[in-house]
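Written out below as structure tokens is the structure these notes cover.
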Amino acid sequence: MATPDRFDWTSAEADLHRVVDLNDARRQRQPDGWTADIDDERDDLGDDPIPVDPPDDTPAAAATWAAAAATRQPIVPAWLRSKAEAATLARWVVGHYTHVGAYHLIRLPLYAGRLALRAPRGAVRTVGGTARWVSDAEGLPVRLAAVRREDAQEYLRLSRQRDGRVRLRTLVLLATLTFGTAAVFILLVATPRWAWYATLAALVGALGLIGSSPDKPLLDVAAVKPRVRKLTADVLMRAFLAAGLCKPDNPLTFPMPIMRDGPGWRAVIDLPYGTKADTAIKKRTDLAAGLDLDEVQVWPERVRGSAGSARRLALWVADEDPYAKPSGLWPLIAKGTVDVFEPFPFGEDQRGRPVRLLLMFTSLLIGAIPRMGKTFAARLPALACALDPLVELHIYDGKGGQDWRAFEPIAHRIGFGVRDEVVLGLVEDLRALVADMNRRYDTIATLPADICPESKVTRAIAQRRSLKLLPVLVSIDEFQRYSGHAVYGDEIVALLTELCKVGPSVGIMISLATQKPDGKAVPTDLRDNIGTRFALKTMTWQSSEAVLGAGSYTAGQDSSRFQRAHKGVGILLGADDSGSVEEAVTVRTNRTPLADIDTVIRRARALREAAGTITGHAAGEHAAGADGPAGSLLDDILTVVPATEPKAWSETVAARLAELRPDVYGGWKPEQVAAALKPYGIPVGRQVWGTDPATGEKANRKGIHRDDIAAAVTARNERRRAA
Ligand SMILES: Nc1ncnc2c1ncn2[C@@H]1O[C@H](COP(=O)(O)OP(=O)(O)OP(=O)(O)O)[C@@H](O)[C@H]1O
């Protein structure tokens with residue numbers, strides 16, 4: 001900004017004069033009301049006007065020209081240059097015409113029968129039509145009118161004309177009949193039998209067609225065409241007027257022509273000055289109603305950058321419901337690997353363009369009602385991580401069916417269902433990760449700036465095995481079953497919150513999927529630390545907000561509007577860097593049927609074997625998987641409750657365990673000891689007479705008998721030996 005002592009008054013004065021001229025010229029162009037502002041400004045500053053418009057030769061003007069050049073539209077439309085879209089179109093054309101061809105081919109006998117049945121009526125129509133033509137029947141009403149008017153002269157003129165016509169037409173008919181008869185004679189004498197039948201069939205066909213009526217077409221309908229709405233400026237104006245986004249005296253303007261774009265129309269619209277494109281996006285349903293379409297066909301989005309403006313909107317209108325057909329298969333099923341530091345294929349947007357997702361340095365929350373594609377969506381990041389041999393996989397499935405079993409050969413930790421030992425396994429795993437997270441930060445802190453410039457893990461750093469900074473994915477499906485666990489639920493949520501908050505920079509990625517996306521299953525503190533959200537169909541807009549975050553509904557993002565048929569379709573928020581709700585995209589995930597998952601896992605296992613990253617459960621370390629932490633817990637209890645002490649209060653055991661292994665048992669309560677021992681059938685509600693070490697008070701409290709633990713250890717050891 002110019003300061004008074006550096007201000008060049010001479011050139012400023014020259015500029016001022018030009019500005020006054022410009023403003024005068026503009027005032028003449030503008031409606032009356034506009035002049036008042038300029039005059040008010042003058043009043044405030046005496047007679048001196050304020051320079052507002054920069055002179056034309058400033059660098060800003062050059063920048064404007066450059067920006068105009070930058071917004072030139074491509075000569076060949078984008079969809080025509082895209083291999084994928086061209087392939088989609090080609091597939092559609094081949095598929096459509098193959099279907100139509102086969103449909104009609106199989107109905108040929110039916111069509112032949114219809115023609116034969118209609119042929120007699122066609123013959124009658126032909127004879128009648130010919131007779132009317134020869135007798136000049138079309139002139140009869142005119143002749144009768146002349147009779148009614150008693151206009152003898154006109155009648156005689158018309159009669160003469162009719163006689164001439166009838167004579168000529170009779171001759172034509174006779175000639176045709178003569179030639180026809182000769183042709184039939186030649187046909188019968190000189191041509192083979194198949195030619196007779198072919199001619200007869202053609203004749204019957206022609207008569208059948210003549211005998212058809214428009215309300216009963218000969219061909220059945222092979223494919224019902226959707227109602228395709230051509231987008232024109234008038235149609236748009238009507239819709240935007242109805243939605244209250246413009247006024248008749250303040251209409252829309254179109255900076256470029258409305259054109260075809262893939263399977264739909266694309267219009268770029270400048271809303272009236274002061275009307276925000278975001279407002280139009282929020283009124284998507286109103287726009288759809290104004291266009292007389294289902295809202296799933298109407299896709300408004302902001303045009304950003306130097307080609308855009310806060311009032312510039314790109315509206316894509318699909319010819320038909322873009323999600324009515326199944327989505328494509330995941331492109332990495334048969335071949336390809338993943339670098340988890342780069343985005344991987346996740347799905348397609350409404351126009352069939354690929355959508356990629358970057359999970360590194362963020363966390364993912366997926367929410368939906370059951371059977372809408374939550375597990376399919378949650379498996380994609382896990383499969384992508386599987387194809388990067390550096391990533392350590394920690395997989396938990398609260399349901400425990402077939403959905404995640406395929407990951408066993410590559411998972412470092414894995415657990416199915418919510419049996420106590422699995423839940424404990426998860427808790428122990430998360431505790432260990434939290435502890436490891438701190439070690440990871442310590443390691444990162446020791447790295448020089450040229451190796452670790454941004455204080456976060458990179459692929460090059462992760463590849464240095466000695467640093468032990470391999471990326472980790474914790475993927476939990478049916479998360480509500482773990483977060484709602486009576487004893488460990490709160491701790492699981494707290495540990496995951498910590499990991500989501502601090503873990504991303506050191507390579508810890510969290511992916512949670514839930515069919516109960518409310519504040520109870522995914523508490524706000526945890527959700528707010530998850531950067532990427534994917535909301536498939538929900539029942540209510542409140543559930544949609546529970547996944548996407550507060551304010552998403554008012555911003556026009558509501559996953560409850562998806563239909564039941566829209567499986568795998570969801571609103572993805574935070575796939576780009578902005579994470580703003582206005583940037584959310586609607587995505588249909590790529591499909592990965594169970595059989596294909598096996599293929600990917602086989603490839604992932606081979607990659608990991610080659611890289612030497614088969615660890616934990618995949619490497620056969622079943623101690624934690626089979627017995628869970630409770631297996632070592634039994635040994636630990638025998639350590640902290642010596643043989644000289646046959647009974648101990650549960651609270652004493654919990655305190656001593658925490659002292660023994662703070663990273664594993666820190667913060668344990670007596671109920672956690674009880675829950676961990678339950679699977680072994682160890683009685684935990686026994687009354688134990690003891691002395692409170694703090695107060696010296698003697699009392700009867702819940703506790704354990706050492707013999708019970710020792711018996712469980714013996715049984716476990718026998719089981720292990722038998723295995
Ligand atoms: N992208 C997709 N395209 C087409 N169909 C899909 C897609 N994703 C999922 N589906 C279909 O939806 C069905 C349900 O998917 P999925 O098992 O992932 O749902 P879910 O929400 O996890 O269900 P549940 O809560 O019962 O576990 C699947 O059988 C699959 O056929």
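Even glycines carry a Cβ here, placed using N, Cα and C.
Curation does not apply to TrEMBL; its annotations are automatic.
Some features that TrEMBL has for this protein:
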- 22-59: region 'Disordered' (REGION)
- 37-47: compositional bias 'Acidic residues' (COMPBIAS)
- 166-188: transmembrane segment (TRANSMEM)
- 352-545: domain 'FtsK' (DOMAIN)
- Ala368, Ile369, Pro370, Arg371, Met372, Gly373, Lys374, Thr375: ATP binding site (BINDING)
* Asked: Can you name the far-off residues of the same chain, 6+ from the ends of the transmembrane segment (166-188), with a Cβ under 8 Å from a Cβ of it?
  -> 130, 133-136, 195-196, 199
* To do: For the binding-site residues Pro370, Gly373, work out the Cβ neighbour count at 10 Å and name the residue with the minimum.
  => Pro370
* Cβ packing number for Met372 (ATP binding site), 10 Å threshold -> 23
* Asked: Neighbourhood of the ATP site (Ala368, Ile369, Pro370, Arg371, Met372, Gly373, Lys374, Thr375): other residues with Cβ within 8 Å of the Cβ centroid, in order?
  -> Gln515, Leu536, Lys537, Lys567
* Number of Cβ atoms other than its own within 10 Å, given for Lys374 (ATP binding site) -> 26
* Structure fact -> Across the domain 'FtsK' (352-545), the model's average pLDDT, rounded to a whole number, is 92
* Out of Ala368, Ile369, which has the highest number of nearby Cβ atoms, where nearby means within 10 Å of its Cβ, if these are the binding-site residues? -> Ala368
* Including all protein chains displayed, how many Cβ atoms other than that of Thr375 (ATP binding site) lie within 10 Å of its Cβ? -> 20
* Asked: Quick one: what's DSSP say for Thr375 (ATP binding site), helix, strand or coil?
  -> helix
* Structure fact -> Cβ contacts within 10 Å for Arg371 (ATP binding site), all chains included, total 12
